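Chemist: Dumping the structure here so I can ask a few things about it.
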């Protein structure tokens, strides 16, 4: 037996370690490999390049509102395929697929709760649900959010992330633009603040209605915001668009939005703005999240 064969005979094969799926992810911008749990703790913001990745509607609302204060509104509303619409796939099949993938019934989630102890109503889009498209249920839930804000005499916050109106619902989806805008007029009559937070992307019928009707329109960094997409505009005007066209930084230079706020700073910034608008005390950034039980410092044993 040669020395190589003797070495091979003493080698014990080991089982290849398997890494569960979803433990790691890659930044869409810089390509950095990131630990999924750490990225979630960082609110889906890349710690290397500060790229703001898309966030689920529920995670966004849970990161905004005080813990233990959240109550969901309009969860009983479900979309119906009234037109029996079909393109390459039946609309009802698209709905079933999106509901299974996201766990949501439709693209908008609405909750009421408190923000640093201040009552608010908040809505957030689930972009993974058919591109966050606006149909009749999205419009109905948004109106429900407005009605709840009027009933509670409190502010309304909406986080938009949408490709626009849902083509499978045709005119019924376009009608939601007028419906939601009319509902917001009641907020204005009452003198209650409505803050619109524009995230990547906010396009089409959503940007042409309630997303741009905020008393304050805030955007996340580098969010794509507009009506038609940049490629469509380039093909229409037959000109090369400026670098960064329709991004938050471009829009704030043109006065189309009021400010850009990083996601980790969004919660305190919204609370500070609303406190001023509602003539309430400024929030204490050091205060613990409402509903979180902070353990007391244990008594020290007296020294002998």
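Quick reminder: no glycine exception, Cβ is built from N, Cα and C everywhere.
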Chemist: I'm validating the feature mapping. Which of 27-49, 50-72 is tagged zinc finger in Swiss-Prot?
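Modeler: Zinc finger, as annotated by Swiss-Prot, spans 27-49.
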Chemist: Identify the region 'Disordered' range according to Swiss-Prot, selecting from 263-283, 284-304.
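Modeler: Based on what Swiss-Prot states, region 'Disordered' spans 284-304.
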Chemist: By a simple count, how many Cβ atoms lie within 10 Å of the Cβ of residue 46 (Zn(2+) binding site), its own Cβ left out?
Modeler: 20
Chemist: Kindly state the mean pLDDT of the domain 'CoA carboxyltransferase N-terminal' (23-292) in the predicted structure.
Modeler: 95
Chemist: Would you say which of the binding-site residues 27, 30, 49 has the most Cβ atoms within 10 Å of its own Cβ?
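Modeler: Max Cβ neighbours within 10 Å, all protein chains included: 27.
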